[in-house]
Amino acid sequence: MEKLVSAFIFDLDGVITDTAEYHFLAWQALANDVNISFTREDNEELKGISRMESLEKILALGGREDDFSLEEKEMLAAKKNEHYLELIQKVSPSDILPGMKELILTIKAKGHKLGLASASKNAFTVMEALDLRDLFDTIVDAKEVKQGKPHPEVFLTAAEQLGVDPSTCIGVEDAVAGVEAIKAAGMFAVAVGPEESFRHADLVYSSTDEVTYEKVLNTYQK
Ligand code: B16
Ligand code: MG
């Protein structure tokens with residue numbers, strides 16, 4: 001008997017579009033303001049991690065974790081976000097990563113539900129800029145959950161809002177913390193990125209254009 005797939009729940013940054021570069025540019029400018037050097041390699045560690053946790057990691061990189069009060073840290077995070085919001089004004093449907101629009105439309109046509117589970121507080125803005133907001137049955141972002149990835153809360157909230165059992169959901173992520181969150185939610189995990197980073201995923205693809213509905217369903221059914 002075929003196993004039921006009730007919903008696909010996607011991560012946003014790094015799966016549907018690549019805003020990581022804009023996060024990087026905005027964090028690098030902020031790091032520069034506080035005399036910390038911050039590289040693209042350092043930025044890899046921030047994927048899927050919340051804004052405040054990202055700031056803490058950057059301050060720790062420069063050994064400045066004890067130099068700012070909570071209020072000052074909130075101001076630094078707000079400054080980075082203002083810059084990030086300016087940068088993402090350029091985002092348009094042409095920034096959807098290869099293969100993702102087709103995959104989303106196929107999932108919809110096959111009658112599965114579609115959810116978004118993002119650690120970004122800007123998820124609605126980005127989904128609107130990509131012209132994808134109306135295709136999704138639910139969008140859960142960092143404003144709605146208390147615990148960030150790798151905690152499963154954001155994926156479980158999406159499943160709850162879709163009215164489906166988490167064990168019948170397929171999650172798609174590009175971050176290690178995100179794959180851990182999908183598995184902790186009891187879902188089937190599809191990872192996009194280097195094979196060696198995702199030992200806990202059920203399926204790994206090196207890029208988004210390799211993720212097809214048929215391939216994912218075939219492995220899920222096995
Ligand atoms: P914001 P995702 C995450 O989004 C990003 O991967 C991560 O780099 C970022 O720090 C986080 O959102 C918070 O973003 O500052 O916009 O609230 O990959 O979970 O969609
Ligand atoms: Mg991501």
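Even glycines carry a Cβ here, placed using N, Cα and C.
Residues or ranges marked as active site, nucleophile in TrEMBL: D11. Under the heading active site, proton donor/acceptor, TrEMBL lists D13. TrEMBL lists 11-13, W27, 46-51, S54, K80, 118-122, K149 with the feature substrate binding site. What TrEMBL records for D11, D13, E173, D174 is Mg(2+) binding site.
Features as recorded by TrEMBL, highlighted on the structure.
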residue: D11; record: active site, nucleophile; DSSP class: coil
residue: W27; record: substrate binding site; DSSP class: helix
residue: G48; record: substrate binding site; DSSP class: coil
residue: S118; record: substrate binding site; DSSP class: coil
residue: E173; record: Mg(2+) binding site; DSSP class: strand
Distance from D13 (active site, proton donor/acceptor) back to K121 (substrate binding site), taken between C-alpha atoms, in Å: 11
Inter-residue Cα distance where the pair is E173 (Mg(2+) binding site) and R51 (substrate binding site), in Å: 18
Rounded distance in angstrom between the Cα atoms of the residue listed as 'active site, nucleophile' and S118 (substrate binding site): 5
Any further residue of that chain within 8 Å (Cβ to the Cβ centroid of D11, D13, E173, D174) of the recorded Mg(2+) site: F10, L12, G14, V15, K47, G48, S118, V172, A175, G178, V192
Recorded positions close to ligand 1 - of D11, D13, W27, S118, E173, only those whose C-beta is under 6 Å away: D11, D13, S118
W27 (substrate binding site) versus recorded positions D13, E173, D174 - nearest by Cα: D13
Distance-selected recorded positions near ligand 2 (C-beta under 6 Å), from D11, W27, S118: D11
Neighbour count (Cβ, 10 Å) for S118 (substrate binding site): 27
